[in-house]
Amino acid sequence: MLYRETGQFKTTYAEDIAIFPIRQDRIALAVLLGIAFIGVPLLATFRIWPFGSDYLLWAILLPFLILALAAIGTNILVGYCGQISLGSGAFMAIGAYSAYKLATGVHIPFAALGFAISIPPLPVLASILLGGLMSAAAGILFGIPSLRIKGLYLAVATLAAQFFFDWAFLRLPWFTNYAPSGSVNAPELVFFGLVVRTPVERYLLCLVFVTLLAMLAKNLVRGNLGRQWMAIRDMDIAAELIGIRPLYAKLTAFAVSSFIIGVAGALWAFVYLGSWEPLAFSIDRSLELLFMVIIGGLGSIMGSFIGAAFILIAPIMLNVLPTELGLPLSTQTITHLQFIIFGSLICYLLIKEPHGFARLISIGKEKLRLWPFPY
Amino acid sequence: MIAFGQFLEVLIGGLMSGVLYSLVALGFVLIFKASGVFNYAQGAMVLLAGLALVRALDLLVANGFPLWVAVVLGIGFAAVIMAATAWLIERFVVGPLVNQDALTLFMSTIGVTFVIEGVAEMIFGSDVYPLQLFPTDAWFLFEGLFPGGILVNKLDVWGALIAGILVAGLALFFQRTKTGRALRAVADDHLAAHSVGIPISWIWFVVWLAAGLVALVAATVWGTKLGVQFSITFLALKALPVLIIGGLTSIPGAIVGGLIVGAGEKIAEVYLGPSIGGGIEYWFAYVLALAVLLVRPQGLFGERIIERI
Amino acid sequence: MASIARNVLILAAVLSGAVVCTPAAAQNEQFIPILSYRTGPYAVNGAPYANGVVDYYNLINERDGGINGVKILFEECETAYATDKGVECYERLKSKGPTGAAFINPLSTGITFALTEKTATDKIPIVTMGYGRADSKNGAVFAYNFPLLGTYWSAADIAIQHVAKELGGLDKLKGKKISLLYHDSPYGKEPIPMLQVLAQKYGFEFTPIPVTHPGVEQKSQWLAIRQHRPDYVLVWGWGVMNSTAIKEAAAVAYPRDKMIGVWWSGAEPDVTPAGDQAAGYKALMLQHGAGKFPVHADIEKYIYAKGKGSTEPGKIGEVLYNRGITNAMLGVEAIRKAQEKFGKKPLTGEQIRWGLENLILTDARIKELGFEGMLKPVSISCSDHEGARYGRVQQWDGKGWKVISDWYTADESLIEPLVADVSAKYAAEKKVTPRDCAKET
């Protein structure tokens with residue numbers, strides 16, 4: 001009764017191809033955005049439960065938003081275009097370190113040629129976006145082998161990117177401005193003269209990025225480009241036969257995906273960590289992102305959010321719960337149990353619903369349409 | 001002459017440590033060949049096997065058993081543990097996931113990795129346990145020819161020997177035994193195999209068991225090298241390029257891939273590393289793999305991928 | 001359906017029971033978070049340290065009834081040595097207890113770097129005993145960082161002093177080859193600038209050799225060492241890297257007594273996996289070494305005799321366990337000092353920061369605490385958050401650690417300019433205005 005599109009007549013083409021054609025979906029989205037943009041900051045500002053401390057904002061919502069963004073990027077490549085990538089962490093790192101270099105000023109001396117390239121420190125916003133672009137460029141470069149290598153072989157090949165950039169940011173001191181420890185600090189976050197400092201401000205900043213890029217992604221995947229990607233995913237040879245250029249489709253997927261992941265990486269470094277080392281973007285991060293995408297649902301933007309929430313929050317819940325319940329378990333046992341339960345949960349979800357949470361939601365929607373008279 | 005001696009030393013050392021990676025890579029190949037599952041949990045299985053072995057060994061020795069009895073019983077105990085693991089994985093994870101796409105299967109094995117790591121450390125402890133099954137000192141060859149001689153680690157030689165025996169054994173198993181032939185049939189087309197009466201779940205259990213036993217062998221060598229401890233799980237990541245170069249479906253490929261990766265990364269590290277900052281062997285192995293794939297997308301010995309509409 | 005309903009009911013009952021059972025948080029408690037790692041690749045070294053910390057807090061509660069009657073409330077959080085988990089743990093625990101976290105002790109240089117800015121905003125001291133960022137010795141810039149008892153720059157200097165002593169004088173260092181085999185992370189990289197300064201001053205040839213995390217594969221590094229033949233190899237490793245380094249050294253027949261580990265590479269789990277091959281291996285001591293002291297007797301009497309210990313009784317007195325209790329003791333004493341000024345009640349992080357900055361432990365006080373022979377006097381001030389720069393060298397004889405050197409003191413005239421330089425850079429980058437230490441009381 002609640003979720004029924006009866007009576008919603010579409011009288012123009014524009015309405016027919018609207019991004020959310022069902023009114024209830026639009027309302028739900030508006031409510032969600034309202035809560036995210038107005039409700040959460042209000043509660044946090046006045047420190048009303050559950051925002052009594054910064055914990056929820058700092059340790060849950062902030063990483064959730066940024067990782068959801070990275071998961072959207074990964075989903076474009078893996079879920080929409082079917083190219084398995086284990087290099088997402090590296091592209092986050094490229095975004096982070098490029099943004100860092102651009103925000104602190106780039107100086108490349110060409111001693112032999114007698115001149116030098118010098119870029120003065122850029123504003124933070126420009127650095128983050130350009131960081132994304134650098135990541136996109138690297139994505140295109142490492143995407144070229146995908147024209148020849150496929151499936152799991154490609155997955156392992158993308159690990160080359162992962163390990164190469166892990167190494168580069170660790171060993172080439174130019175990237176870290178010759179910091180003795182190799183750990184670098186984010187510049188002050190100034191956006192159009194406003195300084196972002198408190199958790200609420202950081203949260204809102206990320207929220208704006210995530211909303212805009214998620215909208216961009218949603219529109220891309222239902223347009224010409226997205227359909228090309230999906231055709232390649234479903235069967236690349238057939239797609240080629242009907243006139244889709246694999247070179248163009250695959251490389252645009254790599255570029256768009258890496259751009260979004262790169263921006264997420266820059267946010268992760270600048271807004272969440274503040275000070276970081278390459279280990280923050282290790283292979284574990286890549287696997288985590290892949291998990292988010294698969295558990296959330298391949299080929300679903302909404303799924304990326306749900307997957308990110310699940311993969312981020314489930315281990316923390318499993319870790320906190322025994323202490324909160326007052327169970328007399330040692331930290332060690334709790335962590336081992338957390339591993340065991342989390343691993344089993346993943347296997348269980350993959351077996352029960354290989355298409356992820358997104359599929360569960362669409363099943364739920366179908367059921368709601370018929371509810372309460374399923375006949 | 002000194003330089004040549006040193007080069008030989010690095011080359012031999014590299015080839016040997018490559019074979020040690022192959023020991024881990026073999027487990028991957030077995031499972032991928034028979035069920036199309038890319039088993040990320042192989043590293044965790046090495047840890048589990050190693051822990052089971054070393055803990056049983058310590059307990060038996062402490063209770064006054066002679067060493068050789070303890071070793072035999074310990075290996076037996078670890079083998080039983082690996083059989084139980086194989087059965088559980090087949091029954092609860094791989095069986096229900098039959099016909100899912102490769103990525104889902106791969107991710108499910110990462111889930112299995114978490115479970116194995118948790119269980120293994122919970123039951124057997126998370127300390128470091130020394131294991132001393134093979135000699136770990138070195139020979140110095142041709143000391144007359146090269147000053148200082150050429151260093152060859154005895155453990156590496158043992159590892160290479162064991163890998164050789166293992167490959168020969170597996171080849172015989174696949175070619176000569178009934179189960180081996182059934183395995184190959186399932187690998188080719190599991191539906192067709194099923195319809196001619198081959199019990200698929202039994203076959204998959206056998207494969208996972210074989211991979212578990214390979215993991216146990218790898219654990220004896222690597223446990224001697226490092227001590228049995230959590231870090232052994234990181235071997236999975238070192239075995240991946242080996243696997244890819246050799247081809248996911250080829251047992252001899254795993255050995256050849258290991259030789260290429262081992263020699264390549266050690267020579268690169270020693271001769272190229274110092275000039276660009278060192279620590280390059282991790283990505284060098286993967287870049288090597290990438291280069292091989294660009295020429296042969298299915299690896300050196302992998303089955304050719306034929307695509308049809 | 002019925003069974004599901006029943007399960008839900010049972011679950012609800014359990015949950016409500018748990019809520020009821022949880023004692024109302026007592027108001028007279030000081031909360032101390034413990035960031036530990038008992039799982040993952042570094043568990044081998046993380047667990048004994050955490051055991052020491054937990055046992056000492058329990059001892060204070062059991063023996064003394066808390067710090068001047070204020071009980072210590074503590075909670076562990078598992079970081080697995082990963083920076084992002086460490087940040088999450090910090091956020092989870094920082095505002096627990098009646099007054100929030102007293103101080104934080106991340107036991108990871110990476111987490112220290114990530115938390116340095118946050119702790120300053122939250123006004124919670126970050127205590128990094130024997131690790132952390134070396135430039136944070138300068139309390140004028142790093143008001144909330146306390147790298148107590150020694151930074152990696154002090155460690156580097158002490159190691160070189162010991163090498164010089166073995167060679168027969170600082171002038172003998174000239175032309176010698178010293179390599180640093182290090183864990184490729186902020187932790188392992190910290191000593192490099194200091195060693196470069198030392199190499200320039202004393203004229204030895206310095207070669208840094210990185211080992212990729214976690215350090216299970218070191219064959220190429222050791223083949224390079226075998227070819228390069230350095231006179232000494234300094235080992236800056238953690239976890240599996242240490243024992244692997246010793247084994248590989250044995251395999252290439254590099255003499256173990258020419259290897260000197262930092263104080264994080266000189267505990268039992270670092271040498272036992274290598275068996276007999278480890279005999280002769282040397283390591284720095286962060287003042288204390290292995291062994292039992294009067295405080296251990298108290299721990300055995302009040303904690304282990306009651307079955308409340310967190311490890312096997314045989315492991316009391318191991319190097320990292322002792323480091324855990326030393327670290328816990330310094331924290332407790334800082335709280336005690338702060339109570340002198342602010343009253344005998346739970347204190348905030350800001351107040352405890354004052355306590356840390358004004359902490360002075362004399363020989364007499366150290367003896368009173370049962371740490372005689374483990375520690376030399378400590379005196380922390382605004383300009384010196386390190387408090388002491390002593391170190392010794394110990395050697396593994398195959399069964400136990402033996403102290404083989406006298407006390408060394410790191411050369412401040414070399415470290416100070418480097419500290420001033422690097423911390424000034426940090427202050428400029430983060431727009432921190434350094435405090436005027438002359439005005440601090």
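Cβ atoms here come from the backbone N, Cα and C positions, even for glycine.
Given the structure is predicted, the values throughout are model-derived calculations rather than measurements.
Taken straight from TrEMBL:
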- B:12-32: transmembrane segment (TRANSMEM)
- B:44-62: transmembrane segment (TRANSMEM)
- B:68-90: transmembrane segment (TRANSMEM)
- B:102-124: transmembrane segment (TRANSMEM)
- B:157-174: transmembrane segment (TRANSMEM)
- B:202-222: transmembrane segment (TRANSMEM)
- B:242-263: transmembrane segment (TRANSMEM)
- B:270-295: transmembrane segment (TRANSMEM)
- Where among B:12-32, B:68-90, B:202-222, B:242-263, B:270-295 do we find the most Cβ pairs under 8 Å to the transmembrane segment (B:44-62)? B:68-90
- Message: Quick check for me: are there 3+ Cβ pairs below 8 Å between the transmembrane segment (B:202-222) and the transmembrane segment (B:12-32), leaving out pairs under 6 residues apart?
- Response: yes
- Which bits of the chain, at least 6 residues beyond where the transmembrane segment (B:242-263) starts or stops, bring a Cβ under 8 A of a Cβ in it? 11, 14-22, 24-26, 28-30, 32-33, 38, 163, 167, 170-171, 174, 187, 285, 288-289, 292-293, 298-303
- Message: Cβ under 8 Å, sequence separation of at least 6 from the ends of the transmembrane segment (B:102-124): give me the contacting residues as numbers and ranges.
- Response: 36-41, 43-45, 47-48, 51-52, 55, 85, 89, 93-94, 230, 233
